[in-house]
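Asker: So TrEMBL lists the following for this protein:
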- 12-29: transmembrane segment (TRANSMEM)
- 35-57: transmembrane segment (TRANSMEM)
- 64-85: transmembrane segment (TRANSMEM)
- Gly76, Thr79: Na(+) binding site (BINDING)
- 97-122: transmembrane segment (TRANSMEM)
Amino acid sequence: MKIKKSQIIGNTLSIMICAMLGGSLRYWLSQVIPLWPMLGVNLSGCLILGGLTFYWLERKPLAEWITVGLGTGLLGAFTSFSSFTLDVVKMTSPGLVWGYVLLGIGGGLLATASGCYIGYYLGTREVRR
């Protein structure tokens, strides 16, 4: 299936605009919540992305420019694996490092799975009505 140029341009613009918002929100939160801000950002991003993905799978799909804008753009810029790994490198205590890594990865998997379940539940619940 060939994608139209206008669709590529629309998707790209949506990602760019939403990424500006997601990155700005991440920066703002890092200034407001100075203690381990990326952990909270990444866990909440996992929960939201999992929830939205499964919600959209159960409901009538949204326009592609909306899903890529929110998923890749907003949440992709909001969460950041590179910032997570930089936080790990900056830590000086081995105990903190391992706790942060385990919470980040394990918590991320748990948050994503929880979000998927919530999104699926909400999506199928509304469909049944």
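The backbone N, Cα and C atoms fix where each Cβ goes, and this holds for glycine too.
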Asker: Any contact between the transmembrane segment (12-29) and the transmembrane segment (97-122), i.e. 3 or more CB pairs below 8 Å with pairs at least 6 residues apart?
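Answerer: Per Cβ check, the transmembrane segment (12-29) does not touch the transmembrane segment (97-122).
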Asker: Are there residues of the same chain, six or more positions away from Thr79 (Na(+) binding site), whose CB falls under 8 angstroms from its CB, and which are they?
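Answerer: For Thr79 (Na(+) binding site), the qualifying residues are Arg26, Val41, Asn42, Gly45, Cys46, Leu49.
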Asker: With every protein chain in view, how many other Cβ atoms are within 10 Å of the Cβ of Gly76 (Na(+) binding site)?
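Answerer: Excluding its own Cβ, Gly76 (Na(+) binding site) sees 19 Cβ atoms within 10 Å.
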